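**Q** Could you have a look at this structure, given as structure tokens, before my questions?
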Amino acid sequence: MQTALYISVLIISSCGLVYELLAGTIASYLLGETVTQFSLIIGTYLFSMGVGSWLSKYLEKDLIPKFLEIELAIGLVGGFSSAILYLSFGQIRYFQIPLFLLVILIGILVGLEIPVLLRILKKELQFKELVSRVLSLDYVGALLASILFPIFFAPKLGLMRTGFIFGILNVGVALWGTWVLPLRQSKIIILRAQSVVVLTLLILGFSYSDLITYYSEESLYTDEIILSKQTQYQRIIVTRWKNEIRLFLNGHLQFSSRDEYRYHETLVHPALLAHPTPKKVLVLGGGDGLAVREILKHKNVESVTLVDLDSAITNLFSEHGILKKLNEESLKNSKVTVINTDAFLWLEESDQIFDVVLIDFPDPSNFSLGKLYTTAFFHTLKRRMNETSVLEIQSTSPLFARSSYWCIERTIASLGFYTLPLHVYVPSFGEWGFVLAGQRPIQFKKDFPKDLKFLNIQELESIQTFPQDMSRVPVEINRLDNQALVRYYDREWNRILD
């Protein structure tokens with residue numbers, strides 16, 4: 001019996017942590033503010049475990065069948081938690097209600113497990129030996145789950161299937177327990193019947209995960225979903241309405257094919273026109289290849305290095321028929337080298353010097369993205385530039401996130417760069433901002449590529465003029481130790497979205 005229960009501890013601790021990770025990941029995907037979501041969920045989950053541990057004192061008789069019933073309950077609720085959350089988001093206005101109800105319920109049930117196990121085993125071992133073994137196995141199981149969740153389960157199986165898999169593991173513990181633990185025959189029959197019912201539901205859920213995911217995402221997106229993919233880093237959704245293609249990453253719109261040219265022409269061409277002879281170009285982010293498409297319109301460019309973290313994005317936009325048509329197969333051009341790694345780390349290790357650097361990172365909605373807009377990042381980037389090099393970075397909206405925009409501009413300027421703020425109206429986004437910078441005052445050539453849809457000499461002058469409601473405001477410099485930009489961004493966009 002001891003061995004069976006020790007193995008159970010290893011499994012159930014893994015399951016408990018995975019349910020917590022699933023809730024935090026889904027909440028951060030759907031609501032943003034990763035740090036806030038994980039902090040609230042972890043705190044609520046741990047508090048609920050404490051409540052469960054306290055409630056365990058009221059379980060006095062038949063502890064072994066009660067332990068197995070707890071496992072069945074956790075398997076059922078935890079296994080379906082991802083599906084419930086995805087389906088709730090599109091149907092319930094206050095998504096936080098089902099989110100925290102599930103976290104509290106799972107936390108209480110998980111909190112019951114270890115105290116009940118300790119009481120079952122108390123006659124088998126000395127107390128100090130019992131506690132050390134059970135708790136050490138509990139922590140080992142949590143470690144295994146924390147390693148395998150981001151590396152294997154989330155990217156390979158997706159969040160919904162991962163939930164069902166661990167629910168099945170919980171039920172497996174209960175079913176196995178009916179064979180290896182001492183139970184009355186009547187209890188064995190009841191528990192096995194319950195286990196089979198719950199197991200069947202979880203297997204059906206696992207089998208229909210794609211259908212559940214499709215239905216839940218259909219309720220979130222008004223247009224037809226033509227591609228849905230979970231990667232190690234993000235959820236990719238591509239939608240289509242007539243001839244319009246839209247890309248969403250973690251629920252956030254990245255571009256619409258109807259007007260993306262306004263964004264990408266403004267991101268790329270001012271920088272290349274600000275350099276006398278741009279030959280080597282570095283693109284950080286921009287795995288969709290749309291910025292690279294614009295770069296290749298400058299015939300004097302000899303090489304383009306694209307560094308994007310997620311290989312799934314660059315592969316999709318290299319191979320998918322509709323998507324590679326959008327970027328005119330730019331990622332397959334012989335001038336282009338694609339590198340899939342962390343941009344910050346790559347810059348630290350590289351010794352190359354570039355004429356133009358274009359930065360198309362996601363908005364600084366969390367601290368892991370916010371670090372890419374800090375003085376530390378731009379200082380590292382500056383080592384990959386010479387006195388004639390220029391950089392341009394997308395800088396969120398100067399209208400909706402005014403302090404965020406000027407925080408990025410001031411951070412770059414604090415490192416000795418001459419900066420030129422730019423903005424453009426993109427119908428699918430609204431007013432959007434960029435910062436162009438170099439170690440010399442910015443001066444433009446006038447030899448525009450011929451096939452641009454939006455940018456010309458007149459528009460280049462126009463996008464440099466900021467109206468009063470987007471003009472400069474006093475802001476902090478964004479550093480690694482203060483992450484002021486993330487605070488500005490959260491405050492401003494939450495105000496708009498509420």
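Heads up, the Cβ atoms here are built off N, Cα and C, so glycines get one too.
Positions annotated as active site, proton acceptor by Swiss-Prot: Asp360. Residues annotated as S-methyl-5'-thioadenosine binding site in Swiss-Prot: Gln234, Asp308, Asp342, Ala343. Per Swiss-Prot, spermidine binding site is recorded for His264, Asp288. Residues annotated as domain 'PABS' in Swiss-Prot: 200-439. Among the features that Swiss-Prot reports, region 'Spermidine synthase' is placed at 196-446. The transmembrane segment annotation in Swiss-Prot covers 7-27, 35-55, 67-87, 97-117, 134-154, 163-183.
Walk me through where these features lie, including what they touch and how far apart they are.
**A** Following the DSSP three-state reduction, the secondary structure of Asp360 (active site, proton acceptor) is strand.
For the recorded site, Asp342 (S-methyl-5'-thioadenosine binding site), the DSSP three-state label reads coil.
Residue density at His264 (spermidine binding site): 26 other Cβ atoms are found within 10 A of its Cβ, drawing on all protein chains shown.
Residues 37-38, 41-42, 45, 71, 74-75, 78, 81-82, 85-86, 99, 102-103, 106-107, 110, 113-114, 117, 134, 137-142, 144-146, 149, 153-154, 159, 162-163, 166-167, 169-170, 172-173, 176-177 of the same chain sit 6 or more residues outside the transmembrane segment (7-27) yet have a Cβ under 8 Å from a Cβ within it.
Within the same chain, residues 5, 8-9, 12, 16, 19-20, 23, 26-27, 40-41, 44-57, 59, 63, 66-67, 70-71, 73-74, 77-78, 81, 84-85, 88, 134-135, 138 sit at least 6 positions outside the transmembrane segment (97-117) and bring their C-beta atoms closer than 8 Å to a C-beta of that stretch.
Proximity of distant same-chain residues to the transmembrane segment (163-183), defined by a Cβ-Cβ separation under 8 Å and at least 6 residues beyond the stretch ends, is recorded for 1, 4-5, 8, 11-12, 14-15, 18-19, 22, 64-65, 67-69, 71-72, 74-76, 78-83, 153, 157, 191-192, 194-196, 198-199, 202-203, 205-206, 209.
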**Q** Identify, among the binding-site residues Asp288, Asp308, Asp342, the residue whose Cβ has the fewest other Cβ atoms within 10 Å in this structure.
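**A** It is Asp342 that, of the binding-site residues Asp288, Asp308, Asp342, has the fewest other Cβ atoms within 10 Å.
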**Q** Give me the CA-CA distance between Ala343 (S-methyl-5'-thioadenosine binding site) and Asp360 (active site, proton acceptor), in Å, as a whole number.
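**A** On Cα coordinates alone, these residues lie 11 Å apart.
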**Q** Same-chain Cβ contacts of the transmembrane segment (134-154) under 8 Å, 6 or more residues past its ends?
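**A** Distant Cβ neighbours of the transmembrane segment (134-154) are 6, 9-18, 21, 25, 114, 117-118, 121, 162, 165, 230, 232.
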**Q** Hey, does DSSP put His264 (spermidine binding site) in a helix, a strand, or just coil?
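**A** SS state of His264 (spermidine binding site) = helix.
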**Q** Can you give me the same-chain residues 6 or more apart in sequence from Gln234 (S-methyl-5'-thioadenosine binding site) with a CB-CB distance under 8 Å?
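**A** Those within reach of Gln234 (S-methyl-5'-thioadenosine binding site), by Cβ under 8 Å and sequence separation of 6 or more, are Leu249, Asn250, Asp310.
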**Q** Between the Cα atoms of Asp288 (spermidine binding site) and Asp308 (S-methyl-5'-thioadenosine binding site), find the distance and write it as a whole number of Å.
**A** 9
**Q** Could you tell me the maximum Cα-Cα distance in Å between the residues recorded as binding S-methyl-5'-thioadenosine, namely Gln234, Asp308, Asp342, Ala343, rounded to a whole number?
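**A** Between the most distant Cα atoms of the S-methyl-5'-thioadenosine site, 16 Å.
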